Each structure stands twice: as structure tokens, then as C-alpha cells.
């Protein structure tokens, strides 16, 4: 009789194993009652991890978020009770970003297309680069122009803030770079020359490796990448080896530089002498875009959603290193590449020169790839008018976001990784909800193609710019 009750009990429970996104199990196999849902699982995970502060977690079973008790899930998905259910737990941002839903300002000023927009790491300032050869800095409190930075002789193609927020660099179609002081809008020194063709990308050395920020790397259509030191005001290392244009560049958290090229390869460089460490091959056509799993913390350095300011570079470096280590965990930094061959590749360059996963499904070239701030997702924007969502650890396809009627040029994430923004040739911006995999907000308003979008690190605002020459700010 005793045995029967025991069997009856196990019949009612589900055999589960909890794992982190990398697949490391937490606490072995467990028998959980069928009425256990996300709230009870949160308690279990917090207990097993001995978290002093209770953290929020989301739970995923084969890439779908678990929102109901286990019994309901098994029934709905017709999963056998005999099988062990693998549940992935993922820490969630403690704060929530409000979805943007209205245009709060349309700021004229540029006389040609706006080609790039970027918020400062603390989210307090906004910069834009344009075909009118100027960089502009905007006051986000009054939503008015603050400085017009003049000096370039050709289109400003890209801009990048240093992660300590002290410098802004812009690169032009004629191949020159200019460093600006964001407090005054004045050039910091003469233009930096050396590249023979236009600048395709700029990336700063992470602040947790070096504070205050001094070095950045630029990529050019001339086939080289160059490391510059702004205090020496010159190029200190030239990274040559690509046989065609370098299209994108990222300075990784471990101190290496990644360059993607039209020669179909991605090269990994060390930054003390500029030696080539390894070459990542696999793409059948131009590499257009690179993204790092740690990119959000590299971009924001010591700044987070609380808006805390820092008194010294040392303090900044320390906090940035803590944020980086927490974000990275025990896993290697991941790199994702998007290409003209319609595919993405997921790499772990510190571990292997071979790709981890090839991600297929787009019907046209992949223009932009971007990891979510928590590293859990990869989003890709394509000329096939869709945005696709992938698992950031395994590379598995998760969802396709359809709604744009033109090529998608650029994407940006909200700081809490719950919302994704896309800008398109169809003149609209769209906000997608990662949990429901549906369109959250349609943002029309631009009169022409939207080339550039950015979501401020503090989550409060979105900026967009494009062919209609205006900058739009959007709020929740």
C-alpha cells in the first residue's frame, strides 16, 4: 500500500533539471510538483545559488519562456512525463524600460541625411553624424541643438563615444578621423590622417582595461584598421592583412580587436604590437557586421541605469571591470557576424577558430547584428525586410519579426533586453516585444528612409535619423 502512494506521488511530479544558458546544471535532477511555475522556480534558483538579494529570473524550455505551471506546459506541448525537462534559468534586469510610443521632438539642423546617431555612455548626451560634413551634439533636457562640430570635408559616416564619456570620435568619407570634446563641441587636436579611403567603423578600448580612455581603433575601406592614441594624437599601430575593405571593427573585453572584411574573413588581433592572433573563416561573401556578447557593458563602461557619476578614472575602471566580469560570467566572450551570404555565424574566438554555429534563414543580405545587453539574444536585421531573433548562446533560431515593408538598416536594444528597436528604408521605426515575439509599437513620422537608430543606455529615449535630415527623439 505504501509503495502505491509513493508511485502516485511521483506520477504527479515532473522530473526537471535546471541549467544556466551555458548548460551548467544547478543542483542535479529534481522532482517538482506539476503546480510549480516561474514564481516557485525563482525561489528555488535563488536558494540554490545562495543569493543574498533575491534576483528576478526568467525560465525557458527549448527557447520558449515558461509562463505557466509545469503541468499546464506539459499538457499543452504534449511532453511526456517520462522525460527529464531541461529548464534554462536566465537572470533578468532588475529594472524595466518603458516602451517608447511617441515622438517627443523633431529637431532640424542637419542639411543632409543623418547617417549615424549615438547616445553617450551615461545617456545624457546625443551625437549625430551627417552627409552635411558636421557632427552635432544635442541637449537632451531641452531637446535642442547644443553644438555643431565642423571640420570634416566630407560625409560623416560613423561616430563613437569613449566608454568614459569624455571623447567623441567621428570618421568621414575622405578617411579622416576627428576627436571632439563633448563639453565644448570643439575639436580636440588636428584631424587624424592615415587612412586612404572612407571610415567604416570605430571602436574604443574598453575602460576596464584602460582608464582614462585613450585608444580607439578605426576600420576603413582601404583594407586596414588603425589603432590611435588620442593623447599622442597619432596612429600607434596599423593592422594590415585584409585583402579587401574592412567593413566593421570591435575592441573586445579581453583586449583583442576583431575586424570583419569584404574578403569574407574575420581577423583577431592583439593590441600591444598588432599581431594577428587568428583568422575566422566560413562566410561565403562580405562580412557586414560584428557584435560581441559583452558589447553593452563595453559601451557603457561604469555607467548603468542608476545614473551614478564617477569622480576618478580609477573608480570608473574598477566598476567597469566588475560589470564586465559579472556580465561575462565563466563563459568566453562570444562574437556574431552577419554577411552578404544571408547567414550569421556564432564564434567563441578565444576557444576556437571554427564557428560554433551557422545561422540560416534570411533571404537577403544581413546588414546589422546585435547582442542583447544581457547576452541572451542575438538580433539580425536584413534587406529581406525582417528582423530575426536567435538564442545568443546556442545560435538557435527563435523568432522572425515581420512588419517592415522595406530593408531593415539598423537595430538597437533596450537596456533591460526586453525590447528591440528597428529602423527601415520604409521610413518607420518599430519596437518588438521579446517575450511575446510581437510588434509592440509602430513609430511612423520620418518622411524618408531611417538610416540610424539608438536606444539610450538609461532606457529613457530613442533617437533616429535618416534621409529626411531630421533627428527624432522618442519617449515612453
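Note that Cβ sites are derived from N, Cα and C of the backbone, with glycine treated the same way.
Here TrEMBL flags 14-74 as domain 'NLE'. Summarising the annotation, TrEMBL assigns repeat 'WD' to 107-148, 149-190, 192-231, 239-279, 359-400, 401-442, 443-476.
Highlighted: of the candidate stretches 359-400, 401-442, 443-476, 443-476 has the greatest count of Cβ pairs under 8 Å to the repeat 'WD' (107-148). Assigned with DSSP, the residues of the repeat 'WD' (149-190) fall into helix, strand and coil as follows: 0 helix, 19 strand, 23 coil.
Taken residue by residue, the domain 'NLE' (14-74) breaks down under DSSP into 16 helix, 22 strand, 23 coil.
Averaged across the repeat 'WD' (149-190), the predicted model reaches a pLDDT of 96. Per DSSP, the secondary structure of the repeat 'WD' (107-148) breaks down as 0 helix, 23 strand, 19 coil.
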